[in-house]
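Heads up: the structure comes next, in structure tokens.
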Amino acid sequence: MAGNRTFTMIKPDAVGAGNTGAIIKMIEEAGFKIVAMKKALLTKERAGQFYEVHKERPFYNDLTTYMSSGAIVPMILEKDNAVEDFRKLIGATNPKEAAEGTIRAIFAESIEANAIHGSDSDENAEIEGKFFFAEVEKF
Ligand SMILES: Nc1ncnc2c1ncn2[C@@H]1O[C@H](COP(=O)(O)OP(=O)(O)OP(=O)(O)O)[C@@H](O)[C@H]1O
């Protein structure tokens with residue numbers, strides 16, 4: 001079976017700190033196949049579109065400023081049970097609460113600069129994946 005897909009993005013804090021390679025290694029060693037990947041930049045406006053669901057939250061302005069502050073590495077990943085297994089690999093949003101050995105426990109600086117994003121549902125994986133990779137049709 002080919003498995004299913006999720007979307008992830010290494011965030012500016014982790015890319016800027018030179019942790020991209022180490023994070024990709026953890027992702028591949030956990031059994032995820034990288035279907036698509038690029039290094040890219042978000043404008044504040046496009047970061048705002050990506051995090052539109054958080055528009056009314058107090059941290060929205062800071063979050064979109066941060067997400068447009070440096071390079072990001074978005075990827076589409078494939079594995080059985082991809083969405084759930086990837087959320088386990090990255091750990092809790094707040095690195096202080098992230099389980100030992102998870103990507104956020106190892107690399108995140110704070111609740112905002114938390115190293116990596118992982119889609120929280122199959123539906124959002126498709127929406128977010130297509131936000132960066134319009135050419136990838138199958139999810
Ligand atoms: N209280 C907060 N203060 C500052 N930033 C926050 C806070 N809560 C969330 N964020 C930022 O907004 C992002 C999206 O929040 P969400 O609740 O969707 O968390 P998540 O699903 O774990 O993270 P992501 O969607 O990035 O994988 C978080 O990853 C974090 O960068």
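Cβ atoms are placed via backbone N, Cα and C, with glycine included.
According to TrEMBL, the protein has these features:
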- 3-137: domain 'Nucleoside diphosphate kinase-like' (DOMAIN)
- K11, F59, R87, T93, R104, N114: ATP binding site (BINDING)
- H117: active site, pros-phosphohistidine intermediate (ACT_SITE)
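Sequence features, as recorded in TrEMBL, placed on the structure.
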residue	record	contacts (Cβ under 8 Å, 6+ apart)
K11	ATP binding site	Y66, M67, I72, A113, N114, A115, I116, H117
F59	ATP binding site	E112
R87	ATP binding site	G118, D120
T93	ATP binding site	R104, I111, N114
So of R104, H117, which of the recorded positions has the fewest other Cβ atoms within 10 Å around its own Cβ?
H117
Where does the mean pLDDT land for the domain 'Nucleoside diphosphate kinase-like' (3-137)?
97
Other than its own, how many Cβ atoms are within 10 Å of the Cβ belonging to N114 (ATP binding site)?
22
Considering only the recorded positions K11, T93, N114, H117, which possess a Cβ situated under 6 angstroms from at least one atom of ligand 1?
T93, N114, H117
Within the domain 'Nucleoside diphosphate kinase-like' (3-137), how many residues are helix, strand or coil going by DSSP?
58 helix, 24 strand, 53 coil
